[in-house]
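Visitor: One structure follows; several queries about it will come next.
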Amino acid sequence: MSITKICCIGAGYVGGPTMAVIAQKCPHIQVTVVDLNEERIAAWNDENVDNIPIYEPGLSDIVAEARGRNLFFSTNVEKAIDEAQIIFISVNTPTKTYGKGKGMAADLKYIELCARQIARIAKDNKIVVEKSTLPVRTAEAIKSILDNTGNGVQFQILSNPEFLAEGTAVTDLLNPDRILIGGDTSVEGQKAIQSLVDVYANWVPADKILTTNVWSSELSKLTANAFLAQRISSVNAMSELCEKTGADVNEVARAIGMDSRIGPKFLKASVGFGGSCFQKDILNLVYIAKSYGLNEVADYWEQVIIMNDHQKRRFSNKMVQTLYNTVADKKIAFLGWAFKKDTNDTRESAAIYIADDLINEQAQIAVYDPKVSSRKVLADLDYLETRTSEKNSANVTSFSDPYEACASAHAIAVLTEWDEFIAYDWQKIYDGMQKPAFVFDGRNILNRVALESIGFIYQGIGS
Ligand code: UDX
Ligand code: ADP
């Protein structure tokens, strides 16, 4: 089937950039991205492309090129479903916060709502593509909902996991390491796979497009994220040992990364990984393993999360200890709130947990992040439900100028690796701070020797 109309349900960090790139690379295909969130769609349609709701380097240029030509953002979910031949489901699948599997399993209520909506509206055959990270065997559930509507429409369900990393979404989408498409082994299933392969073949070389069965595709996504996160927890575990023994984790990482079997990527010790995927996907993997009675497998992967939580807690404890065992009423400046650089996403960001710990110690937190709003910072803390919103507001202030955030602070915590932090006038920052002035570099991006020569007391991770 030649594809001319695609719809994507969910205009978030995955759906938005992915569809923008498909539209740019396939001008003959009409791509409509729909979302229930009116504010979000209005922002995607904002005349000024710099106001689109997701910050990703290069994204606004692509949206400017394709929007109104063959890329559309709308809240009319029904119309888009009705018209499309391929429907991507890109809605959020957070970890469940209630009931069975609470804190572990993925909450599929948004997915199920989408499936029911598609079932209700579709009048002709559709290919439904899972784009969100989903537990293995979700496709089966979607299929069961779609096939039992009784209106005779045929659905093919494909799994097409997204491997883009935030902050580099556009380059990842333009030059993917691989595209993975899982589908049914039946003739109809293979035809559906081919239709989606043909879409990607507009810009991705054929040898990078892999096709598998649905379950392999779903599990590959969880496995890739578990392996990546495991590397970070492994290097973070070594960082603690380095701090005790006088080794430098940056040197250790460089040395082991030159072993071609290990490779240099994802070996950067940090205050802990964040983001919407790693923790959620591993918890999901753990839940699936447990549900099959595979307790050793579950425990093995759970340790990656336990190590990550430990790393965050260890960082805040170390700050308090170093600051003479009290941070009460002390101003602590946070450079960075996003979970990594070049994104405005803060989901599971280590900064949230470090702030939470320090507020428990009655610190005053001053936040500067080049892309995160003060509203978001407070919403992230309120979401933890550790204390009232009023109390969070009383202890946390956001600044739009980093020098103001650091003025008269006792310490600075670097929590996101934004490049601009490196270029600051650190002498000026030092001059404005309480003495002794401390820097806790949770990303190991600053120059220790230069800072120490100014007079700072510097602590990085793992050295
Ligand atoms: C991840 C996967 O990389 C991507 O393929 C998948 O589709 C979604 O999940 P993302 O969460 O956007 O992407 O960012 P990623 O670059 O993987 O970073 C995740 C976290 O790990 C960040 O907090 C980052 O700062 C941290 N990290 C990464 C480290 O602490 N050390 C490293 O060496 C690499
Ligand atoms: P991701 O990182 O997976 O893209 P986001 O939370 O950024 O996650 O985006 C998911 C989007 O899906 C949100 O904007 C949300 O409003 C939207 N969404 C959730 N359920 C539905 C639904 N049934 N119909 C349309 N949009 C939905």
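Glycine residues also receive a Cβ, built from the backbone N, Cα and C atoms like all the rest.
Annotations in TrEMBL come from automatic prediction, not curation.
Quick paste from TrEMBL:
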{"type": "BINDING", "residues": "10-15, Asp35, Arg40, 91-95, 132-133, Glu166, 277-280, Arg347", "note": "NAD(+) binding site"}
{"type": "BINDING", "residues": "162-166, 221-225, Arg261, 268-274, 339-340, Arg443", "note": "substrate binding site"}
{"type": "ACT_SITE", "residues": "Cys277", "note": "active site, nucleophile"}
{"type": "DOMAIN", "residues": "333-448", "note": "domain 'UDP-glucose/GDP-mannose dehydrogenase C-terminal'"}
Visitor: Can you name the residues of this chain that are 6 or more positions from Glu166 (NAD(+) binding site) yet have a C-beta less than 8 Å from its C-beta?
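Guide: Listed in sequence order, they are Tyr13, Glu56, Gly275, Phe339, Lys340, Asp342, Thr343, Asp345.
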Visitor: How many of the residues that make up the domain 'UDP-glucose/GDP-mannose dehydrogenase C-terminal' (333-448) does DSSP mark as helix, as strand and as coil?
Guide: 45 helix, 19 strand, 52 coil
Visitor: Using a 10 Å cut-off between Cα atoms, which of these binding-site residues sit near Gln279 (NAD(+) binding site): Glu162, Ala165, Asn225, Ala269, Gly272?
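Guide: Qualifying among Glu162, Ala165, Asn225, Ala269, Gly272: Asn225.
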Visitor: How does the model score the domain 'UDP-glucose/GDP-mannose dehydrogenase C-terminal' (333-448) in terms of mean pLDDT?
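Guide: Here the mean pLDDT over the domain 'UDP-glucose/GDP-mannose dehydrogenase C-terminal' (333-448) amounts to 98.
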Visitor: Under 6 Å from ligand 1 by Cβ, which binding-site residues from Gly10, Tyr13, Asp35, Gly272, Gln279?
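Guide: Correct list: empty, so none.
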Visitor: Ala165 (substrate binding site) has how many other Cβ neighbours within 10 Å of its own Cβ?
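Guide: The Cβ of Ala165 (substrate binding site) has 15 Cβ neighbours within 10 Å.
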Visitor: According to DSSP, folded down to helix, strand and coil, what is Ala165 (substrate binding site)?
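Guide: In three-state terms, Ala165 (substrate binding site) counts as coil.
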Visitor: I'd like to verify something. Among the binding-site residues Asn92, Glu162, Gln279, which ones have a C-beta closer than 6 angstroms to some atom of ligand 2?
Guide: Asn92
Visitor: Taking each of Gly10, Asp35, Glu162, Ala269 in turn, which of these binding-site residues have a Cα lying within 10 angstroms of the Cα of the residue listed as 'active site, nucleophile'?
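Guide: Passing the 10 Å Cα cut: none.
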Visitor: Measuring Cα to Cα, how many angstrom lie between Gly272 (substrate binding site) and Thr95 (NAD(+) binding site)?
Guide: 19
Visitor: Which of the three DSSP-derived classes (helix, strand, coil) applies to Leu222 (substrate binding site)?
Guide: helix
Visitor: On a simple 10 Å Cβ count over all chains shown, which one of the binding-site residues Asn92, Gln279 is most densely packed?
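Guide: It comes out as Gln279.
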Visitor: So what sits near Asn225 (substrate binding site) in its own chain, CB-to-CB under 8 Å and at least six residues off in sequence?
Guide: Thr133, Cys277, Phe278, Asp281, Ile282
Visitor: Going by Cα-Cα distance, pick out whichever of the binding-site residues Glu162, Ala165, Leu222, Ala269 is nearest to Thr95 (NAD(+) binding site).
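Guide: Nearest candidate: Leu222.
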